[in-house]
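K.L.:
Quick one: the structure is below, questions incoming.
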């Protein structure tokens, strides 16, 4: 067994492994639960201690004052706006008054030039003025004595109505209006309803089997709404012709869009095909046993031993009606149905039956075949038999016959019932009429077959010839698939005027590169074999596929042009994002939008070489030198970084190392050749967009996790001591290096002092001077540290103030100078030590470079440009101070957490120190 190389394991060992996995999984789950419970317990304890709510009273007052100032500013803005509106209204009214006065002055300009004495008032009336006033006064009380109608109204006779009754009345009116609207809507729907079981108060379902009308009504049910949709499409088409409007607009009004209507039509066709498939399985099993010579089952090539077994019992079991009963039932049902139909319905039904090929024909489910249908073998035999039994019927009424069984072809046709002579004369028109075919078995096998009667053998041979002729005319359209869905789709394809709506062209499938390569291989193979016709066809197909791919890359596909435009407009409305990139100095500029490139995307293509020399003289180095102006080159140089140059260098060196081993081909030649190769026009823009998206995501994640941003919920409020307009003063959230260790932090997210605005930098200097005066009053010296190491991480700017004893503070410049000179790389590209005694950090260090700076009180200090960010420690300044004060390395190497009570004591003590020097209260 070992020689076979098989490794066997006992069930016990397998069970032990499973058990160990279960235990490990259980331990992990229990550990995760414990950690979660501990974290929740810690949060609850912090909440009970008041860590999330407690803060200094001065800080609380300051926050309230800031809120009041903000609200006062908003009120002032609102009042100012309101006052402005009032002024504008007054100005408008004054203008209108002045215009009116001007008009009146213009009209009475002549009268103003002369003074005319007014006639005396007594001339108008002989009565004195005082008498007129008295009369007016006397008339006023007479008018007041007349009472209004409501005063004389008897309120006790009025009908009292409560609020509940009024509400009930309103609700009743609303329900009545709703019922009226619903009734009107149902009337409209019933007028358009094509389902006969919904009309005249129907339930939508067919009646029981005992009802006579159930047989005919089955023609309009179980089709999934297909007939209704086709009729609706016909009406929409007629409406478009009548109103001279576009068909797409009318379809969009009713169904939303043509695509939605087509989707519903396809779903209805699938449902109808499934229903017809299920129904035909039961119907075609039924046969009729009036004459044994007409009832025999097929003989299969694989089951020849079963042919001798009688099948009379099977036939008798499915036989339900005799020939005469079936014909009488059909005539009585049709006559009663015809009498019940209204006049316009009867006329429309006759018109539809007279011209089925022109009008829309809903998919009728095939009813149970009668005895004469089962006895028929072809169209001619059916007519002769029917004339013997039932006499001559109306020739305009179509009939559906059960299909014939034939080794070569099985077909049954729907034709008008006419004489055999007329059938021969109209044989040339049979190919234009719809054919319904029953699928045959594979390789000529038939699942059922009927033996034709002796007196119809000659007619059957003639019909077979006619069927073969019609089959040749149909050509490749005839298919024999075994499912009902293919049968229905074939019948729809063969109709001369399909009721299917005029669909928009289906979206063409774009060939992939692999498929196009296979197509090219077929072209080569056809050319080698000498089949030039096939090669030309395949070549045209390949060219068309390439054009479609180019159209898709350009976004101008004619198939989905309208849909793509709508989707793009929706996307532009919903997701409009401005991508920006930030350079070393903190300036941001927008990234160019994506341009529609004419070059196809995907696949590996050889990059074309650009001519770099003309007459043995170099005219360009890079492929885009002709498109770059001096302004563009300066812009790219200022906005680019050293990382961009390194990435470009790596891209040029990555995929061109295969030729370096050849003679006379050096590394310089490789870069020169690589630079001269033409790149895709949109590659650089795509690269910039991806870089901008990456920067935006990283900045968003950094700002969400930042514990120093004033708007962040995780900011430790209990450590804040003072709040200014642009910066705030707080204590560290860990064990302090010395007593009085504090931080000056901007309110907003800023990364370095070299990128600060003027007002923020000035306020930091104000806090710095106040802290120096505070520590001087305590007999201490102080050192200010700032580390801007990881510029790409965009960390929050923190300006640390660490108090020192006087004797240690005097020696601090010597310690820091020596440490800076020995730090970082031995050979540096920038100056090792930068003196800040004569200029501040903003003028000493270029923007965007990582640096470390130290200031000693109000004096200047030193700065150092960091060469290697990975080798320079983030605790560099604290390490020097810890060495000067002989502190434990754990204090400055890794932040040591403190209890809330210790932090609160520390904050209260520092607040007492800070209170006399608080610059925020001035």
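The first residue you see is number 1, and the count goes up from there.
Using the three backbone atoms N, Cα and C, a Cβ is placed for every residue, glycine included.
The annotation coiled coil is assigned in Swiss-Prot to 12-106, 165-278, 525-557, 673-706 on the grounds of sequence analysis. Here Swiss-Prot flags 12-52, 167-191, 288-355, 369-384, 410-435, 456-503, 540-553, 560-574 as compositional bias 'Basic and acidic residues'. The annotation compositional bias 'Basic residues' is assigned in Swiss-Prot to 73-95. The annotation compositional bias 'Acidic residues' is assigned in Swiss-Prot to 102-116.
Mind running through what each feature is packed against?
P.N.:
For the coiled coil (12-106), the mean pLDDT of the prediction comes to 78.
Under DSSP, residues within the compositional bias 'Basic and acidic residues' (12-52) fall into helix, strand and coil as 38 helix, 0 strand, 3 coil.
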K.L.:
What are the helix, strand and coil residue counts for the compositional bias 'Basic residues' (73-95) according to DSSP?
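P.N.:
Reading the DSSP string over the compositional bias 'Basic residues' (73-95) gives 23 helix, 0 strand, 0 coil.
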K.L.:
Please count the residues of the compositional bias 'Basic and acidic residues' (540-553) that DSSP assigns to helix (H, G, I), strand (E, B) and coil.
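P.N.:
Split into helix, strand and coil, the compositional bias 'Basic and acidic residues' (540-553) gives 14 helix, 0 strand, 0 coil.
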